[in-house]
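Data block below; observations after.
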Amino acid sequence: MSAPHLIWFRNDLRLGDHAAVAGAARAGPVVALYVLDDEAPGDWRMGAAQRWWLHYSLAALARDLEARGGALLLRRGAAATVVPAVAAEIGAAAVHTLTHYEAWAKVQDAAIAKAVTLKRYHGALLAPPASVLAGSGGRYRIFTPWWRKLQEQMPPARPQPAPEMTFAKAPAGDTIQDWRLLPAKPDWATGFDVWTPGEAGAAARLADFLEVASDYDKGRNLPSQDGSSRLSPHLALGEISIRQVWHAVADAVPAAQAEPYLRELGWRDFASNILDQFPDHGDVPGRAVFDAIAFRDAPADLAAWQRGRTGYPIVDAGMRQLWTIGWMHNRVRMIAASFLVKHLLIDWRVGERWFWDCLVDADMGNNSLGWQWVMGSGVDSSPFNRVFAPVTQSAKFDAAAYIREWVPELANLRDADIHAPWEAEPMMLRAAGVTLGRTYPYPIVGHAEGRARALAAYGAVAG
Ligand SMILES: Cc1cc2nc3c(=O)[nH]c(=O)nc-3n(C[C@H](O)[C@H](O)[C@H](O)COP(=O)(O)OP(=O)(O)OC[C@H]3O[C@@H](n4cnc5c(N)ncnc54)[C@H](O)[C@@H]3O)c2cc1C
């Protein structure tokens, strides 16, 4: 029998449309490996919510491999050491993996390539970031021209089904239980049962979304509706490929209706394009002046934001949704993030880390881009003086039902009152069983006051 080929899975936990799986399967018998590496990412090791997801996603991948006669080998440690060690243990002819663009992934790859034959494949994105170049040969930092240029490579190639595989005997490894990825006491993840991690779960989610995809442009901004695809956690761990999603939507929906969705998929690629150029984008503002802002150290305000007790129903609904199901609607992410960095003047990196720990879809590129965009500190950002007005946004995007779901103590308020309960007539509050300061907090900061403080802090350093 020929020497085995090692498939090294990372955030690409699928068998279908996976170029490294296909490449290894073509080359010979395979051994499938996943390494839990908490060392290489340092502070950016996988957060708690995503570990919950990882547990079930790996279990699903293991089942899919077992159904084909194989197994998933689990090892823990620095991948730069573990991958070559496993390759040596099985006498692998080569290691096959998809290319990822986090700074630590690049370091891992460079180290591993010195020790073994490392075959890296494109497949995590629509296009390799360095392949989308301006006429001058330079890289793009602004979305719109980048998106236009990307079109020269779109549509992406059609997705490929999972290949036929033969398996070499895998050595012994850890069990998924050894890794204790699930919360124990307390089990804060009971609300996560709305999700079905794994490749089959991702395909089912996509199929559900296709039913409403033609209304995406209208529905995506309305938190009270299920108008977006909710594919982000599946995409973050690569349980479905980006081109599977692209083609499914492009095939199902007329081009004009598909475009807004395909463009959002583009933002995911664009975020990796930025991360590829700015490896420390999670920690360093794209524009240096933002490092000089006198952010507040305000633990009580931070705790109120984290727990959904700011007194702004739309912010609180979002933060509680995040805590309960590990996901938050995109419109509300922008409002809640803006509230933290502008109204509360707390460092964007503090919010970014909270999201990192709480999101099942945590993604280094998307999360850092989202926070830097809201802060106004990124290379392609909303201007700093754009301060999302939570009450106006809440009413404009019709968030009443969303608030009722996530802030049930306000459920009996009328639509007219629910976005800003402190402005409601006392009689209306009484009738709805709301006592401000007791059943629901007063706003921890006024909109005008918070906005003015943020603009002053920025003005002091912007010159
Ligand atoms: C402060 C902040 C933090 C964020 N952190 C993350 C994160 O850690 N992980 C993450 O996947 N997204 C993040 N986003 C982007 C966006 O909110 C989510 O991708 C989206 O809400 C996921 O829901 P969906 O799958 O229903 O999206 P849909 O609207 O159905 O979009 C489809 C896919 O396109 C991609 N996408 C959509 N919007 C964006 C965007 N603005 N930037 C990059 N990719 C996008 C996602 O992969 C998403 O799954 C963040 C946004 C903000 C404002």
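Cβ atoms are placed via backbone N, Cα and C, with glycine included.
All TrEMBL annotations are machine predictions without curation.
Each residue in the domain 'Photolyase/cryptochrome alpha/beta' (3-126) gets a DSSP state, and the totals come to 57 helix, 26 strand, 41 coil. Here TrEMBL flags 3-126 as domain 'Photolyase/cryptochrome alpha/beta'.
Of all the Cβ atoms in the protein chains shown, 22 others lie within 10 Å of the Cβ of Tyr261 (FAD binding site). Residues or ranges marked as FAD binding site in TrEMBL: Tyr216, Ser228, Ser229, Arg230, Leu231, Ser232, Tyr261, Asp361, Ala362, Asp363.
Listed in sequence order, Met46, Gly47, Ala49, Gln50, Ala236, Phe355, Trp356 are the same-chain residues six or more apart from Ala362 (FAD binding site) with CB atoms under 8 A from its CB. For Ser229 (FAD binding site), other Cβ atoms within 10 Å of its Cβ number 22. Within the model, the domain 'Photolyase/cryptochrome alpha/beta' (3-126) carries an average pLDDT of 98.
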